[in-house]
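Have a look at the structure below, then the notes.
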Amino acid sequence: MKRFFQPLQKDTSFKKPTLSSSSPTSTNNGETTTPPFLEDEDNKTQKKEPTKFLTWNANSFLLRVKNNWPEFTKFIDAIDPDVISIQEVRMPAAGAKGAPKNPRELKDDNNSSREEKLIITRALSGPTFRKYNVWWSLSDSKYAGTALFVKKCFTPKKVSFNLDGSVSKHEADGRVIIAEFESFRIMNTYVPNNGWKDEENAFQRRRKWDKRMKEFVLQSTDKPLIWCGDLNVSHEEIDVSHPDFFQSAKMNGYIPPNEEDCGQPGFTLSERKRFGSILKEGKLIDAYRFLHKEKDMERGFSWSGNPIGKYRGKRMRIDYLLVSETLKDRIVKCEMHGQGIELEGFYGSDHCPVSLELAEPTIESTNGSN
């Protein structure tokens with residue numbers, strides 16, 4: 001969402017670990033697969049598919065690697081997710097100036113981009129992240145972008161990057177990654193911010209996005225869906241800390257012509273109605289709200305405003321793990337891992353990680369999803 005948060009400055013004390021050579025490969029038809037993986041003692045598993053998921057808007061993955069990596073990797077070690085979905089990677093796609101971009105690869109055609117790529121690659125070669133394969137979907141510049149990390153012991157059948165079903169084409173700004181497994185698919189999205197005005201790059205863009213997302217969900221009924229990421233909407237009043245504040249928020253005094261578009265981006269009535277329609281018609285369950293019925297002022301929000309200024313203490317739940325109704329009975333745990341006005345557990349971002357754990361499928365539930 002629109003930030004009211006000061007990014008951290010560069011930390012020159014970052015230490016670079018050793019490089020890794022493991023990476024996914026691309027097929028001729030654009031689908032992305034992973035190389036075969038032989039499990040070692042640290043990666044032995046009896047699970048056939050992922051059951052533990054984590055989503056996080058990093059608000060610049062490079063800054064998090066430079067400034068927050070030791071504490072974040074310690075957190076990942078403790079949670080031990082099978083799949084990690086990252087939004088707002090904010091690393092540019094490969095491709096020289098004026099040349100076609102490759103949104104699957106980090107830019108490395110000049111000294112600064114090579115250094116940044118090296119920092120990322122070395123960080124991901126450490127003990128925590130070398131257990132994962134990573135897919136990137138990147139913007140042309142340091143904006144938006146998503147990444148998906150999947151443990152190497154779980155190989156997706158297919159990875160794609162577009163809501164329209166094209167495996168070779170990426171959504172604008174790298175906003176989507178979809179990994180398909182045998183019995184479900186997981187979709188990582190960074191949903192466009194609604195903005196404050198009824199113009200092409202704000203309200204209209206978001207309406208078009210929501211329409212396409214609804215079409216995708218309604219058409220993807222062949223297997224259960226796990227939809228995660230920064231969805232840039234707080235569904236109900238319980239999902240924001242100060243409903244009256246957000247409902248009456250304005251940017252420079254501007255009031256949209258449609259009353260349902262008034263208020264804080266992410267909490268306008270029009271966005272909330274469209275989101276509710278996707279959940280209802282797409283038969284999706286909000287895993288966090290399914291388990292947590294009451295408002296939690298301390299731990300119940302995934303985004304928090306700048307600790308200094310009028311947004312201090314103003315918080316929203318805009319990061320989700322949604323699952324198809326057929327997975328409802330398998331929901332074990334869904335937690336937000338940040339708390340408080342001072343952003344404890346946010347690891348330098350203005351969003352905190354959110355995790356989901358599903359129970360292993362039974363024979364009945366496996367048969368029922370086919």
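Placed from the backbone N, Cα and C atoms, the Cβ positions cover glycine too.
Just so you know, TrEMBL annotations never went through curation; they're auto-generated.
Annotated features in TrEMBL:
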| type | residues | note |
| --- | --- | --- |
| ACT_SITE | Asp230 | active site, proton donor/acceptor |
| COMPBIAS | 102-114 | compositional bias 'Basic and acidic residues' |
| DOMAIN | 54-351 | domain 'Endonuclease/exonuclease/phosphatase' |
| SITE | Asn232 | site 'Transition state stabilizer' |
| SITE | Asp319 | site 'Important for catalytic activity' |
| SITE | His351 | site 'Interaction with DNA substrate' |
Distance, Asn232 (site 'Transition state stabilizer') to His351 (site 'Interaction with DNA substrate') (CA atoms, angstrom): 11
Packing count at His351 (site 'Interaction with DNA substrate') (other Cβ atoms within 10 Å of its Cβ): 27
DSSP helix/strand/coil residue counts for the compositional bias 'Basic and acidic residues' (102-114): 4 helix, 5 strand, 4 coil
Between Asn232 (site 'Transition state stabilizer') and Asp319 (site 'Important for catalytic activity'), the C-alpha gap once rounded to whole angstrom: 7
The residue listed as 'active site, proton donor/acceptor' versus Asp319 (site 'Important for catalytic activity') - Cα distance in angstrom: 4
Per-residue Cβ crowding (10 Å cut-off), top of recorded positions Asp230, Asp319: Asp230
